[in-house]
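J.: Reproduced below are the annotations present in Swiss-Prot:
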DOMAIN    1-280  domain 'Hcy-binding'
REGION    1-280  region 'Homocysteine S-methyltransferase'
BINDING   200, 265, 266  Zn(2+) binding site
REGION    295-612  region '5,10-methylenetetrahydrofolate reductase'
């Protein structure tokens with residue numbers, strides 16, 4: 001009798017965690033490598049689960065794929081690890097079924113690996129496992145539904161063996177993209193999975209609640225592998241705590257929800273499996289139940305903007321935004337005075353960097369809130385991935401929405417090692433691509449875990465563009481990728497060459513997404529030499545450097561020459577781009593205010609010529 005035939009007549013018990021037990025033995029390295037170096041340890045765990053009552057065990061191959069093994073420098077051992085894993089499981093299984101296990105790759109950082117890379121890695125491991133002839137496949141811990149669907153298509157095409165696919169939830173009842181669990185399971189069932197279910201992250205209580213909203217499907221079986229509990233940290237080690245009796249009672253509840261396979265994930269041990277086997281092992285499955293209707297959480301629609309987005313302005317006419325760095329010291333008067341000068345000059349928005357060059361400054365959110373409150377100015381608030389983890393970024397976005405600061409620029413952020421505190425941690429939980437997606441998901445009223453936020457935000461998302469690279473075409477490809485992620489417009493690094501401006505226009509003119517081209521006035525010869533020699537990718541022409549050097553130490557001459565160079569660049573930029581991004585050096589708002597006036601005068605002259 002095969003696995004699927006067995007499931008027709010009884011509830012089967014899966015095994016529990018492998019990593020938890022190895023970790024408890026003091027092993028804290030690549031667990032899959034133990035298939036080669038310490039096979040007796042893996043066999044001991046398999047046997048313990050079989051003796052506890054498991055009808056199904058899974059091979060120790062969750063991370064035995066190219067992507068995960070390469071993190072340990074073990075990618076050359078992938079074949080032997082998978083081969084040995086199936087042999088060890090077979091030798092331990094007795095009458096239990098052996099499933100070849102393959103784990104998900106994607107987490108929140110969807111851009112860490114492309115879908116093509118994931119599929120190549122999956123396909124290689126799949127062939128290795130199938131060659132060893134397991135009784136079926138277990139694809140588990142898939143947080144990303146797109147990834148789950150794609151790898152399932154590959155597996156279903158290559159084998160007729162039973163396939164179990166378990167997705168994982170950060171929040172009860174929904175996947176991280178907001179897809180209800182019931183819909184997600186139905187979609188993978190339609191792609192050919194024989195058993196669909198959930199594992200990891202959540203304990204029994206939340207999984208029971210989640211399954212109460214899932215019907216008992218006629219064409220596939222249901223599986224559940226809960227964590228034992230939420231983990232706690234004791235003396236630097238993760239510890240899970242759950243009473244075996246609790247798991248015994250939970251197993252009965254899982255059966256009532258229609259589960260045919262009940263096992264355990266992180267934190268579970270043979271004791272948990274024994275408790276569940278005693279409770280429901282071998283019992284007839286439940287075939288009918290009352291499905292709880294998922295409560296629809298009210299998500300209020302965001303208020304419509306009373307002003308057009310910066311992308312909308314730049315798509316139709318001239319738009320000028322000006323960067324003004326928040327102060328490094330606890331003195332706000334000079335900053336506020338500079339902001340007022342720029343408002344008087346008629347800019348569309350003030351852009352506020354997020355601890356630029358990894359240097360601590362007054363919070364740009366505080367600056368944005370104050371200039372809005374005191375000057376009624378619009379702010380484009382930069383958000384870096386460097387300083388905040390996933391929790392902090394979401395809290396940050398919620399705060400911005402609460403303050404009504406709806407214009408944001410999503411950037412990676414300069415690494416901490418270049419700033420005042422080179423030993424500080426650079427977080428980078430997300431890339432700028434992921435951050436753009438996250439902000440757009442907030443606009444749909446969903447957090448990163450898929451949990452409803454109660455309202456939709458109304459963020460307009462800018463993305464960074466660095467044209468100061470050797471291969472401009474590759475930089476443009478990154479722009480296209482950011483557009484796919486949801487970027488509404490771009491803000492560029494400063495440009496110091498008329499020809500470069502022309503090249504940028506030619507390479508980007510096919511894009512419908514507006515670009516604000518960056519222009520930053522030089523303040524001295526020393527400033528010019530610093531930019532030329534120390535800022536990656538930016539090279540000033542000999543002519544520009546000579547002009548700034550010729551100005552000497554005379555501050556008025558330095559200012560005049562710096563403005564003259566900027567005006568020359570603006571003459572070209574304004575012909576090619578509607579959006580102009582002026583970067584204020586050293587809080588010298590007089591420079592960017594004067595350049596703003598210059599742009600406005602040029603536009604007025606052009607308009608007069610057009611009218612006449």
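Cβ coordinates come from backbone N, Cα and C, glycine included.
Values in this document were obtained by computation on a predicted structure and should not be read as measured data.
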J.: Which is it, of 200, 265, 266: the one of these binding-site residues whose Cβ has the most other Cβ atoms within 10 Å?
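T.: When each Cβ's neighbours within 10 Å are tallied, 265 tops the list.
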J.: Other than 200, 265, 266, which residues of the chain come within 8 Å of the Zn(2+) site, judged by Cβ distance to the Cβ centroid of those residues?
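T.: For the Zn(2+) site the neighbour list reads 17, 141, 168, 199, 201, 225, 226, 227, 264, 267, 268.
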J.: Can you check how the pLDDT averages out over the region '5,10-methylenetetrahydrofolate reductase' (295-612)?
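T.: Looking only at the region '5,10-methylenetetrahydrofolate reductase' (295-612), pLDDT averages out to 93.
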